[in-house]
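Undergrad: Can you read through this structure? Questions will come right after.
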């Protein structure tokens with residue numbers, strides 16, 4: 001007995017370590033017999049034979065039915081077309097949906113229908129225990145049955161059906177139950193208990209159900225043998241095998257039993273109707289076979305489920321539409337197509353009107369694609385209101401409808417609308433081309449019965465704009481350009497320059513210059529009204545013509561615009577050269593033997609001298625207006641005109657012409673290509689020039705000077721010097737000297753930057769970098785002063801004094817008792833003058849030389865600005881005076897390329913002294 005039980009225990013333990021899909025489960029009868037032994041006997045047997053009872057129990061328990069996740073979902077991504085999908089798409093003639101693109105919809109690739117249902121990656125199988133056992137369930141070997149006796153006796157039995165199909169209870173003995181349905185079995189047990197146990201009744205339930213071994217073969221995701229619950233059906237088998245591959249049939253799944261097909265299952269019944277009547281339960285040894293997919297067709301467009309469908313005797317158009325869920329409400333069945341692959345390998349398209357019932361009977365062939373198109377997005381007999389309004393949208397068109405019917409009040413507009421410019425986009429009904437009409441809401445509100453309240457037509461679009469933003473008409477401009485033809489240029493115009501919203505606008509019916517200005521939301525302040533330029537393309541000759549307009553003239557504002565016109569508007573004070581740069585290049589590129597260069601030039605005493613386009617019938621007054629008018633200093637008697645004359649064959653010459661500048665001549669003298677006009681300056685004309693006196697004067701300030709006036713004369717006019725004036729330290733600066741010094745500083749900075757780049761490229765010279773950066777720092781912080789050294793005598797002696805120029809500045813500081821030490825010392829500072837101290841003493845007082853100092857090149861800037869070198873200083877004890885500045889320059893030996901540094905250093909420190917003097921005022 002012990003050996004027998006040990007063998008049973010070992011067999012159970014061994015079997016529990018085998019994968020359920022690879023071996024049969026241990027006998028339920030063996031498990032039941034072992035569990036019926038007293039617990040003490042179980043423990044004794046396990047201890048005697050060295051068996052771990054816990055492990056055995058765990059192994060036995062692992063055979064019990066649980067409900068873990070045994071299939072991992074695998075994604076069937078619509079955005080990814082597998083090789084199989086490509087094959088199906090090819091077989092159905094489906095490529096990218098070009099017709100969908102034509103309707104403005106995103107193209108897609110159709111996918112086969114239904115394959116996502118069972119898509120998964122099986123790992124193992126554990127049958128479900130939380131489902132009720134159906135009454136027709138057939139009892140078989142391996143099932144566990146629970147019998148509870150109550151009444152006269154109370155007992156619980158857990159019985160296993162053995163291999164012979166029997167169960168054994170002490171009260172009844174062996175009972176043959178195999179093949180009974182669950183209902184028959186319950187009735188049978190109750191009958192046996194009533195007969196053999198007087199006064200007792202039985203409650204019968206199913207315990208652990210047996211597992212069965214089945215096969216899933218063919219086009220399964222993971223074909224093979226599977227151990228499944230005895231309650232499993234065909235769909236369960238598909239689920240545990242991971243579903244059907246994209247080349248497997250969904251409509252002809254076969255259940256084979258003992259080599260014969262006992263039933264077929266159409267998954268479309270389950271997917272489309274929820275019908276499980278053919279989802280047959282499986283028996284041990286059953287084979288679920290998935291053959292290759294049958295004939296397929298595609299349906300795309302306005303259906304509920306566009307996809308590739310497998311045919312199963314349903315080859316009519318109406319059948320396929322039903323498979324796809326029917327047509328959408330947006331479908332337009334009259335314009336449907338069948339794309340078909342012919343026997344010769346070429347493709348063809350068949351038109352089909354699905355609104356006719358008989359056409360629904362049309363048979364489809366394998367590879368056909370049925371496309372159902374949508375109704376058009378455009379609505380007829382409506383007008384649309386868009387833009388800067390509270391309630392944009394569509395309105396039903398009524399005969400005689402006008403603008404104020406859809407914008408009845410200004411309260412319908414959002415804040416700050418543009419009431420002067422609106423656009424009506426109108427579609428030509430027969431050819432679908434667009435045109436634009438301009439209207440004024442302001443005039444319509446003021447005069448509802450006038451033509452300003454434009455009568456609308458079906459499909460009109462009315463646009464109202466904001467006064468604070470752009471026009472946002474790019475879509476319309478693009479359409480107008482797309483409509484252009486060789487003999488009909490795009491109906492657009494442009495405006496550039498001194499307007500609120502420059503840019504491109506639609507050319508409206510009878511559009512004038514004033515209308516284009518309104519479209520750009522009017523002119524800005526300080527617009528030059530005497531000169532505007534209209535650029536016009538001559539399409540016949542492929543050249544550009546120009547016309548001068550005066551925006552303060554009614555007839556010019558009424559100039560009728562033509563396609564591709566461009567209006568240039570200028571500011572009174574703005575330069576014009578940048579706006580004309582592209583125009584001049586365009587004119588030059590059009591120049592040839594038949595078309596002379598239409599440019600004229602004006603130089604001299606005008607506000608904006610330069611080169612300008614030669615406009616049609618352009619006269620001298622137009623060119624002067626283009627240049628901004630005469631300056632104050634212009635000589636208004638005559639002008640010089642240079643004219644280039646050629647016969648365009650073998651000769652040319654310049655002709656010099658003197659042109660009177662009276663108003664009649666200006667308005668009538670016509671210009672020719674390449675003319676150059678020079679406006680002279682009034683003889684002896686002088687611009688207003690001033691000189692500034694700062695510091696210790698009785699009346700410092702800025703003074704206008706006369707021609708030839710000297711510094712001494714100006715000082716006398718300013719009341720002379722104050723009592724605190726330090727005349728030995730005067731600083732006199734001149735503008736042109738400042739410009740010259742600044743140019744020298746800029747050149748030095750460029751050289752230093754090149755030196756810095758070179759030191760970074762050449763690793764061996766990196767030691768120069770710190771010196772160069774230090775010098776650059778000094779240069780960037782320095783602004784040239786333009787100081788010119790003058791003697792004290794030149795301040796009072798008229799004969800010896802300097803003749804003044806505009807922009808000169810004279811600074812006279814207060815008496816200064818300090819000596820400044822600047823440059824490469826540790827503590828640049830100022831020391832109270834001490835006649836006993838030498839240059840070296842002052843440098844020591846400033847901390848001495850630092851590591852960047854050039855100690856052998858120290859110099860002194862005297863109070864009057866003169867520079868004294870250091871020759872013999874330390875040996876001869878040079879005399880230092882109040883107001884002097886001792887300069888310790890930078891050692892530039894590490895920077896050999898900077899040969900001008902000494903001169904630059906003088907400028908830097910002279911500027912430093914001048915700045916200090918001004919700051920002390």
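Heads up, the Cβ atoms here are built off N, Cα and C, so glycines get one too.
TrEMBL entries are annotated by machine, without manual review.
Pulled these features from TrEMBL for this protein:
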DOMAIN    132-205  domain 'Polysaccharide export protein N-terminal'
DOMAIN    213-290  domain 'SLBB'
DOMAIN    297-349  domain 'Soluble ligand binding'
DOMAIN    600-646  domain 'Soluble ligand binding'
DOMAIN    691-726  domain 'Soluble ligand binding'
DOMAIN    819-867  domain 'Soluble ligand binding'
SIGNAL    1-23  signal peptide
Undergrad: Quick check on the domain 'Soluble ligand binding' (691-726): DSSP residue counts for helix, strand, coil, in that order please.
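TA: Counting residues by DSSP class gives 7 helix, 13 strand, 16 coil.
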Undergrad: At a C-beta cut-off of under 8 Å, are there same-chain residues at least 6 beyond the domain 'Soluble ligand binding' (691-726) that contact it? List them, or none.
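TA: Residues packing against the domain 'Soluble ligand binding' (691-726) from afar: 732, 790, 794-798, 800-816, 863, 883, 917-918, 921.
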Undergrad: Could you break down the residues of the domain 'Soluble ligand binding' (600-646) into DSSP helix, strand and coil, giving a count for each?
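TA: For the domain 'Soluble ligand binding' (600-646), the helix, strand and coil counts are 7 helix, 25 strand, 15 coil.
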Undergrad: Please tell me whether the domain 'SLBB' (213-290) and the domain 'Polysaccharide export protein N-terminal' (132-205) touch - that is, whether there are at least 3 C-beta pairs under 8 Å between them, with each pair 6 or more apart in sequence.
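TA: Touching, yes - the domain 'SLBB' (213-290) and the domain 'Polysaccharide export protein N-terminal' (132-205) meet the threshold of 3 or more Cβ pairs under 8 Å.
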Undergrad: Count the residues of the domain 'Soluble ligand binding' (819-867) that DSSP assigns to helix (H, G, I), to strand (E, B) and to coil, and report the three numbers in that order.
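TA: Result for the domain 'Soluble ligand binding' (819-867), in helix, strand, coil order: 10 helix, 16 strand, 23 coil.
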